[in-house]
Amino acid sequence: MTADTKPAPAAGDPSTDTEPEKRLSSSKTSDRDTLPAPTTPTPVPAPITTTTAPPPADPSPKSPNPSQDRESYPHGLPLILLISSLCLAVFLVALDQTIIAPALGAITGEFGSVKDIGWYGSAYLLSTTALQPTYGSLYRMFSVKWTYLVAIFIFEVGSLVCALAPTSNAFIVGRAVAGMGTAGLFSGSVVILSYTLPLRKRPAAFGLIGAMWGVASVAGPLLGGAFTDHVTWRWCFYVNLPIGGAAMVAIFMFLKVEREDNAAGATWYARVLRLDLLGTAMLIPAIICLLLALQWGGTEFAWGSSQVIGLFVGAGVMGAVFVGIQIWKGDRGTLPPRLFKNRNVLLAMMFAFCFGSAFFPLVYYLSLYFQAIQGDSAVQAGIKLLPLLISTVISSVATGGLITVVGYYNPFILPSMVLFTVGCGMITTLSLTSPLREWFGYQVITGLGIGVGFQTGVLVVQNTMALEWIPVATACVQFFQSMGGAIFIAVAQSLFQNGLTEAVNRDAPGVPAQIFINSGASQVRQILAQLGMERFTDQVLGAYLEGLRNTYYMSLALAGCGFLVASGLSWKKIKKFGNVTGDSDKEDDPEKGGVAAAAAPEAAPEVKKSES
C-alpha cells in the first residue's frame with residue numbers, strides 16, 4: 001500500500017503534534033508532518049501515484065509537544081560525551097592556529113627555511129577560509145555525522161604530515177591539508193548541536209564552544225613553547241592525534257542525526273554534482289589572490305608593483321564571476337543569495353566579519369607587545385595573556401547560560417561589544433612602562449566583551465533559519481569571520497611594519513629598520529646590542545610600540561563597527577522548542593513565507609513513496 005492511500009490524520013491527532021520538521025527519519029514521516037491535517041478523518045480520494053512533491057514546510061512549528069521534544073534529543077552521559085567531543089574538536093581547531101608561533105624558531109632552524117615562515121600560516125589559513133562555504137553545502141546534502149568525521153580525519157592526516165615532515169615543503173603541504181579539515185569542524189560542531197539540543201538550550205553549549213577559542217588562544221603559545229623547549233616542536237602536531245581520535249570515537253558512538261539526507265534516492269555522484277563546484281572553483285583562487293596581495297604588498301613587493309596589482313585584479317575578476325555564479329545558481333550556490341535578503345542573517349554575517357577583523361589581529365599583536373616591549377619569551381607572553389583568556393572564558397560561559405534563561409541575546413551582545421570597544425581603546429594607551437594593573441585590567445575588560453562575540457552570529461542564525469538551512473548559514477557566518485581575520489591580519493601587518501619603519505627612520509636615524517621586521521619580536525634588544533647601538537633602545541622600542549598601536553587602533557574601529565551592526569539585530573525571543581518562529585523571515589520574503597519556507601522544496605525534493 002502506498003502512502004497516498006492512507007487516511008489523513010484527524011485534527012488533534014497526537015501524531016501531528018510531534019517534533020517539527022527538523023527530526024525526520026524517513027520520507028513517509030516527512031510527508032505526514034508537512035501535509036496539513038483535514039478537519040475530519042475522511043480518506044483521501046486521490047488516485048494512487050508513485051511520486052509526490054511535498055509542499056513547502058511551515059517555518060514556524062505549530063504547538064510542538066514538549067515531552068516528545070525532551071525524548072527526541074540525547075540526554076545524560078551520551079549528551080555530555082558528545083558535547084565534550086565537540087569542545088575537543090573546536091579546541092584543536094583554535095589550538096592549531098596558535099601553537100605553532102613559539103615553535104617557528106626551531107622549525108626554521110631545522111629546515112633552514114626562514115623565507116617560508118609566511119607560508120606556514122598562509123597555507124593553513126587559505127585552505128580553511130576558502131572551503132568553509134563548501135562544507136556548509138556538504139552538511140546540508142550529505143550525512144552530518146560522516147561529513148564531520150571526515151573533516152576530523154583530514155585534519156588529523158594534515159597534523160601527522162606536519163609532525164613527520166622531513167622538509168619545509170612537506171610541512172607546508174601538511175598545514176594546507178590540516179586547514180582543509182579545519183574548515184568543516186567549527187561549523188560542523190554548530191550543526192551537530194542543532195540536532196543535539198533544543199534551541200532554548202543551545203546558547204549555553206555555544207558558550208562552551210566559544211570558551212574553547214579563548215582557552216586555545218593562550219594555551220597554544222604555552223604548549224608550543226613547552227613542547228619546543230623540553231621535547232620537540234613535532235609534538236605540537238603529535239598532540240592533535242590522540243585528542244582528535246577521542247573526539248572521533250565519541251561522535252561515532254553517540255551522534256545520531258535523524259534526518260533524511262537523500263530523500264530523492266540520488267546517487268552519490270549525482271549529489272556531488274549538485275554542489276556548487278564552479279562557484280568553489282572561482283572562490284578559492286579569488287581568496288588566494290586577495291590574501292597573497294595583502295600579505296606581499298609592501299613586504300615582498302611594492303604596493304604598486306605588477307605582481308600585487310595583478311593579484312588584486314585577479315581577485316576582483318574571479319570574485320565578480322563568483323557573484324554571478326551565485327545569482328545564477330540561487331539556493332544551490334555556495335553563498336546562496338537568499339541568505340543576504342534576510343536582514344538578521346545579513347547582519348549576523350556582517351557582525352562576524354567585524355568581530356573576526358577586530359579579534360584575531362588584536363590577540364596576535366597584543367602578544368607581540370609583551371615579547372618586544374617587555375622583553376618576554378613566547379611562553380611568558382602567553383602567561384601574561386591569561387587575563388584575556390580567563391575573562392573570555394567566564395564571559396562566554398556565563399552569558400551563554402544567561403541567554404538560555406532570559407531567552408534574548410540582544411541584552412548581552414550590545415554591552416559586550418561596548419566592553420570590547422572600550423577595552424581596545426584602553427589597550428591603545430599601553431606604554432613602554434605600563435604597570436601590571438594596566439595591562440592586566442585592560443585585558444579583563446576586553447575579554448569580557450570578546451566572550452559573547454564568538455556565539456553571536458551562530459545564535460542569530462539558529463534563531464532565524466529553518467533547520468535545513470542552518471548548515472549553510474552557519475558556514476557562511478564562519479566564512480565571513482575567518483575572512484575578516486585573514487584580511488585584517490594582513491592589513492595589520494602592513495600598518496605595523498609601516499609604523500615601525502617610519503618611527504625608526506624618524507627617531508633613530510642610522511638604525512636599519514628592516515632588520516627588526518625580519519627578526520623575532522623578542523630580539524630587539526639583542527639586535528641593538530650586536531649593532532653597538534644600545535643608546536637607541538628606547539627610541540626603537542617606542543617605534544615598535546607605534547607600529548603596534550596602529551593595529552590596536554584598527555581593532556578599536558572594527559569593534560565599534562561590530563557594535564553598530566549588532567544594534568540592528570531584531571529583538572527576537574529564542575523559542576524553547578522548535579527552531580524558528582518564522583516572523584522575521586516572512587518580513588523579508590512575504591511571498592514565500594521567508595527563507596525557511598522557501599528552502600523546503602530544495603531540502604525535500606520529489607520523494608518516492610514506499611511501505612518503508
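Don't overthink the numbers, they just go from 1 along the chain as shown.
Backbone N, Cα and C atoms are what each Cβ position is placed from, and that goes for glycine too.
Unlike curated entries, TrEMBL annotations are predicted automatically.
Remember, it's a predicted structure, so these values are computed and weren't measured experimentally.
Feature annotation from TrEMBL assigns compositional bias 'Basic and acidic residues' to 19-34.
Annotation source TrEMBL lists compositional bias 'Pro residues' at 53-64.
According to TrEMBL, the feature compositional bias 'Low complexity' maps to 593-604.
Taken from TrEMBL, the feature domain 'Major facilitator superfamily (MFS) profile' applies to 82-538.
The region 'Disordered' feature in TrEMBL is assigned to 1-71 (among others).
Residues or ranges marked as region 'Disordered' by TrEMBL: 579-612 (among others).
Outside the transmembrane segment (76-95), and at least 6 residues removed from its termini, the chain residues within Cβ reach (under 8 Å) are 152, 155, 182, 185-186, 188-189, 192-193, 196-197, 205, 208-209, 212-213, 215-217, 219-220, 223, 240, 243-244, 246-248, 250-251, 253-255. Annotated transmembrane segment per TrEMBL: 76-95 (among others), in sequence order.
Residues or ranges marked as transmembrane segment by TrEMBL: 146-166 (among others).
Positions annotated as transmembrane segment by TrEMBL: 172-197 (among others).
Within its own chain, the transmembrane segment (204-223) has Cβ neighbours under 8 Å at 83, 86-87, 90-91, 93-102, 186, 189-190, 193, 196-197, 236, 239, 363, 367, 378-379, 381-383, 385-386, 388-389, 392-393, 396-401, 403-404, 447, 450-455, 458-459, counting only residues six or more beyond its boundaries. The transmembrane segment annotation in TrEMBL covers 204-223 (among others).
Look at TrEMBL and you will find 235-255 (among others) tagged as transmembrane segment.
Here TrEMBL flags 275-296 (among others) as transmembrane segment. Proximity of distant same-chain residues to the transmembrane segment (275-296), defined by a Cβ-Cβ separation under 8 Å and at least 6 residues beyond the stretch ends, is recorded for 118, 122, 125-126, 129-131, 133-134, 137-138, 141, 307-308, 311-312, 314-315, 318-319, 321-322, 325-326, 329, 332-335, 483, 486-487, 490-491, 493-494.
Within the chain carrying the transmembrane segment (308-325), a Cβ under 8 angstroms from the stretch's Cβ atoms is held by residues 276, 278-279, 282-283, 285-287, 289-290, 292-293, 296-297, 301-302, 333-334, all 6 or more beyond its ends. As annotated by TrEMBL, transmembrane segment applies to 308-325 (among others).
For 385-405 (among others), the entry in TrEMBL reads transmembrane segment.
Residues annotated as transmembrane segment in TrEMBL: 412-433 (among others).
Annotation source TrEMBL lists transmembrane segment at 439-460 (among others).
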Any contact between the transmembrane segment (385-405) and the transmembrane segment (439-460), i.e. 3 or more CB pairs below 8 Å with pairs at least 6 residues apart?
yes
Taking the transmembrane segment (472-496) as the first stretch and the transmembrane segment (235-255) as the second, find out whether 3 or more Cβ pairs fall under 8 Å, excluding pairs closer than 6 in sequence.
no
Surrounding residues of the transmembrane segment (172-197) on its own chain - C-beta under 8 Å, 6+ positions past either end:
22-23, 73-74, 79, 82-83, 86, 89-90, 92-93, 96, 116, 119-121, 123-132, 134-136, 138-139, 144, 147-148, 150-163, 165, 205-206, 209, 237, 251, 255, 257-259, 458, 462, 467, 470-471, 474-475, 477-478, 579
